[in-house]
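Quick notes on the structure that follows.
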Amino acid sequence: MAPHPTLKATFAARSETATHPLTAYLFKLMDLKASNLCLSADVPTARELLYLADKIGPSIVVLKTHYDMVSGWTSHPETGTGAQLASLARKHGFLIFEDRKFGDIGHTVELQYTGGSARIIDWAHIVNVNMVPGKASVASLAQGAKRWLERYPCEVKTSVTVGTPTMDSFDDDADSRDAEPAGAVNGMGSIGVLDKPIYSNRSGDGRKGSIVSITTVTQQYESVSSPRLTKAIAEGDESLFPGIEEAPLSRGLLILAQMSSQGNFMNKEYTQASVEAAREHKDFVMGFISQETLNTEPDDAFIHMTPGCQLPPEDEDQQTNGSVGGDGQGQQYNTPHKLIGIAGSDIAIVGRGILKASDPVEEAERYRSAAWKAYTERLLR
């Protein structure tokens, strides 16, 4: 049986065919950073979480969180932990994935997602769902995200400039006023002249001429379902990762279709139901948490993220059958070569392999390099 086309397509090419705007953005980010690594930041304090996000952010494309295990988590919409993570995501170029594993009736999971003390939807680009309660939970989460997004039908970006015109500018100003009335809307935005320039040569009455400054308001209107306008680093905005626009406001869902833990109950019927639910909600479901690619139909374009990834110690790093034992608590580990190169996943999720290293930043780079190598070798196979 021929491999699915997504296994041979580059991430850049898949960004062009993705059905979800956030998936398209993520593939672009992966291609730009040469990274398909997700850090599972399972740490006990908000301070540690923010520190890791800042230090390891350059190596990853996704940061996976468990907000409810973090002491010191604050929920202020502008200065809270989620808001600070969002700022670091902009700075270093990664998406935030809250590993909430919603698993209740539809009404309950929608409230957990859009409300409560944490307001997950406000700061997490991606969440996931356990399909045990059935497809209704996926539909309810999608509805909650849609209602949340409807509060932002478009972004209005406003800039105000105040200045005194030069003599050479009067002819151009006059032409522009003749061509377009103040406050007229054109294309992406509107430019309104609040105070017209007034130049008065009062030589006739013996008084000195004067110029009244112009206040100009510029507005740009942009759909939130599309990526935001690129910030120009040259203009001094260093808060956005260079080379790519800001992530869309659209929210995305990953369905927990398979697990890496020993003895889990996610059988073939469960996995198939997960795939069917994803196909029914392509406008919200980005893909899966799985152990292999689940793209089987020609139109399937889902992204796959896989936990349980670990490398042998560096001095023992060699190609094996891909298995690297377990942790004694049910977790089973495999190498990036097996998960991405052979099983066809797209993003390796790594936690303790990085967090427990003597130098987590250096180890994150080792995992990033190994996962990317597995992807590039898959393209050539």
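Each residue, glycine too, has its Cβ placed from N, Cα and C.
Residues or ranges marked as active site, proton donor by Swiss-Prot on the basis of sequence analysis: LYS101. A C-beta separation below 8 Å, combined with a sequence spacing of at least six in one chain, links LYS101 (active site, proton donor) to ASN128, VAL129, ASN130, LEU256. Under the three-state DSSP scheme, LYS101 (active site, proton donor) falls in the strand class.
Secondary structure from DSSP puts TYR333 (substrate binding site) in a beta strand. What Swiss-Prot records for ASP42, 64-66, 99-108, TYR333, ARG352 is substrate binding site, and it gives similarity to another entry as the kind of evidence.
As annotated by Swiss-Prot, region 'Disordered' applies to 311-333.
Around the Cβ of HIS107 (substrate binding site), the same chain contributes SER140, each under 8 angstroms and 6 or more positions distant in sequence. ASP42 (substrate binding site) falls within neither a helix nor a strand when secondary structure is assigned with DSSP, and so counts as coil. Counting every protein chain shown, the number of other Cβ atoms lying within 10 Å of the Cβ of GLY103 (substrate binding site) is 16. Over all protein chains present, the Cβ of THR65 (substrate binding site) has 26 other Cβ atoms lying within 10 Å. The sparsest Cβ neighbourhood within 10 Å, among the listed binding-site residues (ASP42, ASP99, ILE105, TYR333), is found at ILE105.
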